[in-house]
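To start, the structure under review is shown below, and the notes come after it.
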Amino acid sequence: MSNVTVVSHPLVQHKLTKMRDKTTSTKTFRALMRETATLICYEVTRDLPMDEVQIETPVAPTKAYEIAGKKLVFAPILRTGLGMCEGMLDLVPSARVAHIGLYRDHETLEAVEYYFKAPEDIAGRLVIVVDPMLATGHSAIAAIARLKHYGVTNLRFVCLLAAQAGVDALREAHPDVPIWTAAIDQTLNDHGYIVPGLGDAGDRTFGTR
């Protein structure tokens, strides 16, 4: 799968294991999500374009390099994407943030949009869509379709954990959008949850169950 990257760094895998553990507290789970998102963001942004610039250090003039172009946009899918977005902003604090509110209909498992807010010039920016879980793929597909409707062409999708079915669905719907994840699990249960997964990422992040 040439457009799917599994981030196998030992720190990412260690933190994901702790998140999978059902005995991990809400406080620890939230911190681990933020830390893991920062590490994955490092991989996602490793090919950002650079400009050569001239600066002066306290010792001498020198050439150096800065990220080129407009500031990128993180687009967390509410609500759980917010936990990952914080970790990414730790690494790229100047990034803009778009918010995409989606919930999953528990009868149909389809994504239903209830909120959308993005920078006015989002079409000209790299947009990284963020959602901890890629299960059925419906939310990711809907979020990316919404962004494309606004003219966004440079898109990436980042999650902590994916199901193979979700990866396949997203690749079929948006073959131009590369995917980064810490792991791919093979199955979904009848409720659309990833197995073995890590449970409901939203409830575990916000302590709502």
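Each residue, glycine too, has its Cβ placed from N, Cα and C.
According to Swiss-Prot, the 5-phospho-alpha-D-ribose 1-diphosphate binding site annotation covers Arg79, Arg104, Asp131, Pro132, Met133, Leu134, Ala135, Thr136, Gly137, His138, Ser139, Asp200. Summarising the environment of Ala135 (5-phospho-alpha-D-ribose 1-diphosphate binding site), the number of other Cβ atoms within 10 Å of its Cβ, over all protein chains shown, is 27.
Secondary structure at Ala201 (uracil binding site), as computed by DSSP, is helix. Contacts of Ala201 (uracil binding site) defined by a Cβ separation under 8 A and a same-chain sequence distance of 6+ are given as Met33, Thr80, Gly83, Pro132, Met133, Leu160, in order along the sequence. The uracil binding site feature in Swiss-Prot is assigned to Ile194, Gly199, Asp200, Ala201.
Look at Ile194 (uracil binding site): DSSP puts it in a strand. Note: the CA-CA distance between Asp131 (5-phospho-alpha-D-ribose 1-diphosphate binding site) and Asp200 (uracil binding site) rounds to 12 Å.
When the alpha carbons of Gly137 (5-phospho-alpha-D-ribose 1-diphosphate binding site) and Ile194 (uracil binding site) are compared, the span between them is 11 angstrom.
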